[in-house]
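Undergrad: This structure is in structure tokens; I'll ask about it shortly.
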Amino acid sequence: MNPFAPSAPLGGCLSPVIVALDFPTDADTLEFVARLEPSQCRLKVGKELFTASGRKLVDQLVARGFDVFLDLKYHDIPNTVASACRVAADLGVWMVDMHASGGRRMMEAAREAVANCSVRPLLIGVTVLTSMTDEELAELGLPAAAVQVERLARLAQSSGLDGVVCSAQEAAALKNLLGASFKLVTPGIRLADSAADDQRRVMTPAAAMAAGSDYLVIGRPITKAADPLATLTAINAGLAAR
């Protein structure tokens, strides 16, 4: 499998790497982003950063040529999620996600809301957060992660989403089950010499791609690096050499 195979690129990025912008302010974010290249990665804006900085920051990132994954994990009534996805599409984001546990009607409403957008973002379902253990799922009355992930991934696909967020440990089974065109977005990616931090189900970039992941969300190993672009370039080179 070619790790740089294109899939709905907006800014021409062929790397599978999505850098998680886990910064508290837009000033910190833009200072960091100035050290990156849009051809080398995409960017993820999560809840903390979006709450602090809002759509203005997303506009700035898109204007700089980056594909943006708006990681707000929508989970609400169908009409509300549909409206939010339509606004996200108007922002020009490349990808947006929602909890698959919100159900079929919610996901179908989201799909229909962006179907006629001039640039349609990829719609991704969140299955089981990579921070959660089987014991924590059991406390919620849910089955083990592998079972719940498969159940929600099937539901997301049949509801018309483009892919799901899953750990690399689940990627191979999901790729075999749901097919090559259904995109797998994998957080919990760490370099060989990195700590797991708050992610429980983690894997290295090469191992995750070999397992079937299409996109790799990488945060601290890049954002905390002395030379983020050099680290990113090394990751991409390692993946291209597979």
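Just so it is clear, glycine is given a Cβ too, placed from its N, Cα and C backbone atoms.
These figures come from a predicted structure and were not determined experimentally.
Per Swiss-Prot, the features are:
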ACT_SITE  Lys73  active site, proton donor
BINDING   Asp22, Lys44, 71-80, Thr130, Arg190, Gln199, 219-220  substrate binding site
Undergrad: Would you count the other C-beta atoms found within 10 angstroms of the C-beta of Lys73 (active site, proton donor) for me?
TA: 17
Undergrad: Which residues of the same chain, at least 6 positions away in sequence, have a Cβ lying under 8 Å from the Cβ of His75 (substrate binding site)?
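TA: Counting only residues 6 or more apart in sequence, the Cβ neighbours of His75 (substrate binding site) under 8 Å are Val81, Met98, His99, Ser101, Gly102, Met106.
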Undergrad: What is the interatomic distance between the Cα atoms of Asp22 (substrate binding site) and the residue listed as 'active site, proton donor', given in whole Å?
TA: 15
Undergrad: Distance between Gly219 (substrate binding site) and the residue listed as 'active site, proton donor' at the Cα atoms, whole Å?
TA: 17
Undergrad: Translate the DSSP assignment of Asp22 (substrate binding site) into the three-state scheme.
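TA: SS state of Asp22 (substrate binding site) = coil.
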Undergrad: About how far apart, in whole Å, are the alpha carbons (Cα) of Thr130 (substrate binding site) and the residue listed as 'active site, proton donor'?
TA: 14
Undergrad: In DSSP terms, helix, strand or coil for Thr130 (substrate binding site)?
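TA: Assignment for Thr130 (substrate binding site) reads coil.
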